[in-house]
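Enquirer: When I checked TrEMBL for this same protein, it listed these features:
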- 1-444: domain 'Major facilitator superfamily (MFS) profile' (DOMAIN)
- 31-48: transmembrane segment (TRANSMEM)
- 60-78: transmembrane segment (TRANSMEM)
- 84-106: transmembrane segment (TRANSMEM)
- 118-136: transmembrane segment (TRANSMEM)
- 148-169: transmembrane segment (TRANSMEM)
- 250-273: transmembrane segment (TRANSMEM)
- 288-309: transmembrane segment (TRANSMEM)
- 318-340: transmembrane segment (TRANSMEM)
- 352-378: transmembrane segment (TRANSMEM)
- 390-410: transmembrane segment (TRANSMEM)
- 416-440: transmembrane segment (TRANSMEM)
Amino acid sequence: MISIIFGYDTGVMSGAMIFIKEDLLINDTQVQVLAGILNICALVGSLMAGRISDLIGRRYTIVLASIIFLIGSVLMGWSPGYAVLITGRCVAGIGVGFALLIAPVYSAEVSSAKSRGFLTSLPEWGIAIGILLGYISNVACAKLSLRLGWRLMLGIAAVPSLLLAIGILKMPESPRWLISQGKLGKAKRILFKVSNSPEEAEKRFRDIKIAAGIDEDCDSEFAEVPKKESGGKGVWKDLLLRPTPAVRRILVCAVGIHFFEHAVGIEAVVLYSPRIFKSAGVTDKHKLLLATVGVGLTKFTFIVLSTFLMDRVGRRRLLLTSFAGIIGALSLLGTCLTIVERHHGEKILWALGLSIASCYTFVAFFNIGVAPVTWVYSSEIFPLRLRAQGYSLGVAVNRLMNAMISMTFISLYKAITIGGAFFLFAGVSLAGWIFVYTLFPETKGRSLEEMEELFGGGNRKSDELEGRV
């Protein structure tokens, strides 16, 4: 649900910016800031959320994220001017940062190894549904008055935020977090509810205890957990200053995949697709918004497909296939937009059709692999003690890259042409394919407690990969 809210806020801004620019009389620089500021603030939120979730638990962190996002939505819906609108966008961004960190971590920690890929990718379903709803809201509210339309688009997200803050209290806490707090009895009861069999629950209970440094035979209600350095300092030292070879490789993979998720330029399509389609030759405002709905439908369709492939095909194969398709689609999109731009004033129907088709193809290949696997992979590979903070670093890089693309795309395509911008993204995608092929082991079917051993390597190939890192 919180991913739907985030996706909605991202998708709705694509069309809302058309009306906001007209109503508030803002320039392209202010439009870019409005588009990207949410992700700058989400960066702050994600860095805070790791430590907070370790202190108050995964569930209450989701409650906090919902309340923050609710406040931001109310401010955006009420905003009398640009300053209040930006403030609301910033507040919502902090809530987004919390949500993006904690939703996949919570899903990974509750689910079993067999279904973890499917369940941990559900937040991506939510984002896809939210983006599609945002695009549909653009079309529906476009018929309202200029003053009311975009404010209703943005403010309505406050309603599901409130419902989520209340509803999440009925869900169980993460058993891994409970064990890290020494609450063994409560964690065991939850594991028996969320596991496929009593045997699986017992195995997960034993493995988590070992990972937390608790005697595997301990079966009391409460247990003393080995003390860590206060304030999370020990975690950051083990993560950044003195990581083992396995942790170093895990960190490089997690941060790297979050970097490439947005460096390939997906945010340019999600946020600025009306401008892209206009550059391709679509001039009618209503048709622009309808073409953008197609982006949302494509995203949702292939996200759903990817969740069923995740635990069958595997993370690594999906990533490699996804990056390969992205390279081809972006190259074609760049070529078509360049042809249209060089024949300025002429309507080249075949180039227009191929531009839209390649844009949809890019979204399809992105969402069948890179989009869901990024969050699943990075949420499952860190050791328990380092998971929240390690994952928060990946999310921080993710938000930073998202903000960078959002806040620079208009300036970028004005500097190197819109076709040149997508050729640049194609080159980055090629680097992403090489990165995954070189460093990423397959994690399908592995328990969370096995990950450090998998990345630490006990074979020649793994040692060679660590050397490359």
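Quick reminder: no glycine exception, Cβ is built from N, Cα and C everywhere.
Note that TrEMBL annotation is computational and uncurated.
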Enquirer: Find the average pLDDT over the domain 'Major facilitator superfamily (MFS) profile' (1-444) in the predicted model and report it.
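Expert: Within the domain 'Major facilitator superfamily (MFS) profile' (1-444), the model's average pLDDT equals 88.
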Enquirer: Based on Cβ pairs under 8 Å, which of the stretches 250-273, 318-340, 352-378, 390-410 lies most in contact with the transmembrane segment (288-309)?
Expert: 352-378
Enquirer: Sequence gap of 6 or more, Cβ distance under 8 Å, 3 or more pairs: do the transmembrane segment (250-273) and the transmembrane segment (390-410) meet that?
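Expert: With 3 or more qualifying Cβ pairs, these stretches touch.
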Enquirer: Looking only at residues six or more beyond either end of the transmembrane segment (318-340), which have a C-beta under 8 A from one in the stretch?
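Expert: Counting only partners 6 or more residues beyond its ends, the transmembrane segment (318-340) has Cβ contacts under 8 Å with 257, 260, 264-265, 276, 279-281, 306, 309-310, 348, 351-352, 354-355, 358-359, 361-362, 364-366, 368-370, 373, 377, 417-423, 425-426, 429-430, 432-433, 436-437, 440.
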Enquirer: May I ask you to check whether the transmembrane segment (31-48) and the transmembrane segment (390-410) make contact, with contact taken as at least three Cβ pairs under 8 Å and only pairs 6 or more apart in sequence counted?
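Expert: In contact, yes.
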Enquirer: Would you say the transmembrane segment (416-440) and the transmembrane segment (148-169) are touching, if the rule is that at least three C-beta pairs must lie under 8 angstroms and be 6 or more residues apart?
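Expert: They are not in contact.
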Enquirer: Is the transmembrane segment (84-106) in contact with the transmembrane segment (390-410), using at least 3 Cβ pairs under 8 Å (sequence separation of 6 or more) as the test?
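Expert: Yes, since the transmembrane segment (390-410) and the transmembrane segment (84-106) share at least 3 Cβ pairs closer than 8 Å, they count as touching.
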Enquirer: Can you work out which residues elsewhere in the same chain, 6+ from the ends of the transmembrane segment (118-136), have a Cβ less than 8 Å from its Cβ atoms?
Expert: 1-15, 103-104, 107-108, 110-111, 153, 270, 289, 292-293, 295-297, 299-300, 303-304, 306-308, 310-311, 367, 371-373, 375-376, 379-380
